């Protein structure tokens, strides 16, 4: 027979699933304080829960899921001579995440794990396991769309792919610079020189274009279309399959099913 406290633990875990923002909306320390405060009141009011551990229902944070071992398992596949080898790091990624508090905190633990698996699948594919900072042969093109007059290209500057999601084109560098706080049009190379800015550009694009696709259950395939839709509908089946392969592998590592709609 289960002890009464055990039954209450199970009930608490089940109830928390209906309120996905509980214990997930702030930093890990804030989440623990919120849960501790909640149980302090419950314990006082009922006198029954003094032995329960608040950690029992603490949702895993992004840092808990993106462990050093997970991050290293990706970047260690990059050749020692890769430019990104000493550029990208777990610490800078987690520091960048602090600027986007909705990333990896919404939709319950399965959704959170899928979102993290998804963004790292795209990071892996776009950078060759964090090997590349700059797009291969990107410097041979300017990636300037002069019709986007709101974000005029600066003479001598090129807007080829840089960073973990390969930020490209003047009309993307301009808004990214304004949002993050760097000269996106006048100094696009900042994305390749500052790892924190680099990760922030990836997270900014993700939050604007992919986050809701995962949290609403549209599936990984929808994120492929958002990031590089030209690959979809047979445009580059090998690339799509590679992205899906990384995603399913990371989901397996996190102990969550990849869900439906994997392809685009």
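Each position is counted from 1, following the chain as shown.
Placed from the backbone N, Cα and C atoms, the Cβ positions cover glycine too.
Taken from TrEMBL as is:
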DOMAIN    82-104  domain 'Glycoside hydrolase family 19 catalytic'
DISULFID  82-131  disulfide bond
ACT_SITE  126  active site, proton donor
DISULFID  144-153  disulfide bond
DISULFID  232-264  disulfide bond
Exercise. Whole-number Å distance between the CA of residue 131 (disulfide bond) and the CA of residue 153 (disulfide bond)?
Worked result: 28
Exercise. Looking only at residues six or more beyond either end of the domain 'Glycoside hydrolase family 19 catalytic' (82-104), which have a C-beta under 8 A from one in the stretch?
Worked result: 25-27, 61-63, 65-66, 68, 71-72, 75, 112, 115-116, 127-128, 130-134, 164, 180, 195-196, 198-200, 202-204, 206-207, 211
Exercise. Taking the Cβ of residue 153 (disulfide bond) as the centre, how many other Cβ atoms fall within a 10 Å radius?
Worked result: 21
For this session: Between residue 153 (disulfide bond) and the residue listed as 'active site, proton donor', find the distance joining the two CA atoms and give it rounded to the nearest Å.
Result: 24
Exercise. 10 Å Cβ neighbour count around residue 131 (disulfide bond)?
Worked result: 19
For this session: Determine, to the nearest whole angstrom, how far the Cα atom of residue 264 (disulfide bond) is from the Cα atom of residue 82 (disulfide bond).
Result: 30
Exercise. Taking the Cβ of residue 82 (disulfide bond) as reference, which residues of that chain separated by at least 6 in sequence fall under 8 Å from it?
Worked result: 128, 130, 131, 132
Problem set entry | Distance, residue 126 (active site, proton donor) to residue 144 (disulfide bond) (CA atoms, angstrom) | 20
Problem set entry | Inter-residue C-alpha distance, residue 232 (disulfide bond) and residue 126 (active site, proton donor) (nearest angstrom) | 16
